[in-house]
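Right, one structure below, let's go through it.
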Amino acid sequence: KMAAAAGPAAAAAGLWSEVNRCGQNGDFARALKSVNKILQISKDDVTALQCKVVCLIQNGNFKEALGIINTHTKVLTSDIIAFEKAYCEYRLNRIESALKTIQSASQQTDKLKELYGQVLYRLERYDDCLAAYRDLIRNSQDEYEEERKTNLSAVVAAQSTWEKVVPEDLGLREATYELCYNSACALIGQGKLNEAMKKLQKAEELCRQSLSEDSDVTEEDIEAELAIIHGQMAYIMQLQGRTEDALQLYNQIIKLKPTDVGLLAVIANNIITINKDQNVFDSKKKVKLTNAEGVEHKLSKKQLQAIEFNKALLAMYTNQADQCRKLSASLQSQSPEHLLPVLIQAAQLCREKQHAKAVALLQDFADQHPANAAEIKLTMAQLKIAQGSVTKACMILRSIEELQHKPGMVSALVTMYSHEEDIDSAIEVFTQAIQWYQQFQARTNYGCCVFQPKSPVHLSLIREAANFKLKHGRKKEAISDLEELWKQNPKDVHTLAQLISAYSLVDPEKAKVLSKHLPSSDTMSLKVDVDALENSHGATYVRKKAGKLTGDNQQKEQGQGEVKKKKKKKKGKLPKNYDPKVTPDPERWLPMRERSYYRGRKKGKKKEQVGKGTQGSTTAGSSELDASRTASSPPTSPRPGSAAAVSATSNVIPPRHQKPAGAAATKKKQQQKKKKGAKGGW
């Protein structure tokens with residue numbers, strides 16, 4: 001029995017040495033076979049099970065490895081296999097499960113801390129992730145320090161891009177192209193596009209240098225690695241308005257067919273945003289790239305959300321109403337407080353000419369989400385204006401309390417009310433805005449008895465209100481505004497003049513009193529350089545024109561007053577066949593039918609019979625061929641005995657009514673051919 005027992009033990013020892021050798025050589029497939037043989041000998045061997053899990057992970061079989069861990073929980077406890085389990089869950093995109101596995105581990109090893117940082121980054125918990133990587137960099141010293149710094153810079157870039165956090169200076173030396181790229185992304189998040197472009201160019205240069213040192217790396221491999229850098233360059237061009245350059249670079253990247261589905265999805269989405277409602281066929285092709293498998297695990301939540309928004313808009317532009325409604329409703333359920341889904345739904349309803357439903361939809365959203373009501377109400381007002389309901393649009397705009405006092409809103413409301421000729425409402429808008437600024441100043445200057453000047457915006461509103469009232473004849477109402485302005489600036493002569501003008505119709509005595517405050521004519525003399533004014537560009541033309549007057553003309557003007565210069569009449573053009581000896585026809589300006597000598601055309605035109613009959617015979621129409629007769633007889637004065645000549649001349653067919661030459665002969669030939677054909681056919 002002892003000899004029999006020694007056989008399996010010896011076999012297991014040989015298998016373990018095989019596993020060790022294969023592991024050192026990186027041949028994990030062969031090592032897995034040896035481990036399976038060991039497990040046949042001892043199925044609950046903890047070390048063998050652990051080695052099998054590692055071999056499966058190295059071969060990329062994460063699902064099978066996780067299955068083994070879950071089926072042997074009694075043997076493979078969390079203390080032994082926590083890292084391998086969390087890593088499998090992470091690679092299978094079960095990020096929440098991986099986080100729970102890491103947090104439940106009894107001992108936080110360096111490997112678990114590294115994985116913890118990756119998990120937090122995927123969960124977009126950037127603050128916690130930043131703290132985790134800082135702790136790792138502070139408490140570890142090995143060959144992976146550069147990778148940790150790269151990950152740290154990636155977290156800072158994500159904060160700047162998605163959370164709009166101003167990144168702190170980490171003091172990292174940008175010696176690698178990954179660090180340069182992450183730094184450029186952080187600058188894009190701050191809106192520093194030119195600086196970001198320079199960083200990307202530096203990253204491209206460093207990438208080429210580092211990859212060209214490896215002789216096994218081809219140019220295609222370098223271009224594939226540079227694809228993400230070029231994609232970010234194209235994005236900067238797009239933000240700068242250089243859409244043609246951006247589109248060209250995007251298409252170049254797509255032609256390379258990179259393996260990164262996330263990069264392809266982002267580029268395809270950006271091309272769709274450039275196309276907008278144009279080139280829809282190309283957009284429909286590009287949108288397929290955003291649906292590739294695994295895209296949802298490669299992009300952030302905001303990137304995925306932007307892609308879904310663009311899908312809904314593309315469905316609207318391609319008249320896929322049901323698809324547009326379905327996508328926008330899904331987006332609204334995911335983000336109930338987001339504005340875009342409801343705006344897309346309203347836009348689709350407007351395309352279907354259902355403006356009332358669109359307004360009702362927006363109103364419901366504004367009631368449910370008061371924080372976002374301002375932007376929604378602005379859209380509602382725009383729809384009302386498009387329908388021609390300007391007064392209702394004004395009511396909606398005035399209901400936005402946080403914008404009532406803004407100069408832009410006041411200007412828009414006054415313009416709209418003026419268009420509707422509702423001057424009282426326009427003045428009321430001015431009054432409410434001015435009162436708001438007065439109350440705001442009272443709150444800020446509470447307990448202060450010293451005279452406080454009004455803000456520039458407040459004074460501007462008062463001046464605009466006064467000018468508006470004066471323009472529409474409300475001088476009595478404008479007086480209080482003008483007095484307030486003059487009180488703020490007693491040296492303002494223009495305001496004082498307006499105030500005197502307004503009082504002149506209401507209280508002339510008050511106007512006289514105020515006119516004493518006007519400066520004298522001596523103090524108002526303008527310091528003008530006459531020579532410089534005369535030599536200016538505008539005065540040159542006037543001086544040249546005045547210089548054309550001669551001395552004689554000046555004397556005539558002094559003695560005889562103004563003399564108007566007679567214009568020379570141009571001679572009219574005469575016709576080419578004009579004969580000065582012949583008196584022109586006095587009725588030549590009348591149409592032919594209205595002239596006294598017009599006789600009209602005779603009916604029953606006779607065909608010319610020239611050349612017909614026996615040889616040598618004459619016909620009645622032979623007189624037409626007599627040149628001596630036709631030359632002496634005017635065509636418009638018929639004489640007895642010349643009826644044939646008259647009929648010939650009066651029946652001349654105008655050129656556009658004539659048949660083409662040889663038409664009759666051609667017709668006869670065609671008839672003869674038909675007859676011959678018929679005869680032969682029978």
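For all residues, glycine too, the Cβ spot is worked out from N, Cα and C.
These figures come from a predicted structure and were not determined experimentally.
Residues annotated as coiled coil in TrEMBL: 95-150. Residues or ranges marked as repeat 'TPR' in TrEMBL: 227-260. Look at TrEMBL and you will find 543-682 tagged as region 'Disordered'. The domain 'Signal recognition particle SRP72 subunit RNA-binding' feature in TrEMBL is assigned to 544-600. Taken from TrEMBL, the feature compositional bias 'Basic and acidic residues' covers 576-597. If you look up TrEMBL, you'll see 628-645 marked as compositional bias 'Low complexity'.
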Original post:
the domain 'Signal recognition particle SRP72 subunit RNA-binding' (544-600): mean pLDDT?
Top reply: 69
**OP:** For the repeat 'TPR' (227-260), jot down how many residues DSSP puts in helix, in strand and in coil.
**Re:** 26 helix, 0 strand, 8 coil
Subject >> Three-state composition of the compositional bias 'Basic and acidic residues' (576-597), taking helix and strand from DSSP >> reply: 3 helix, 0 strand, 19 coil
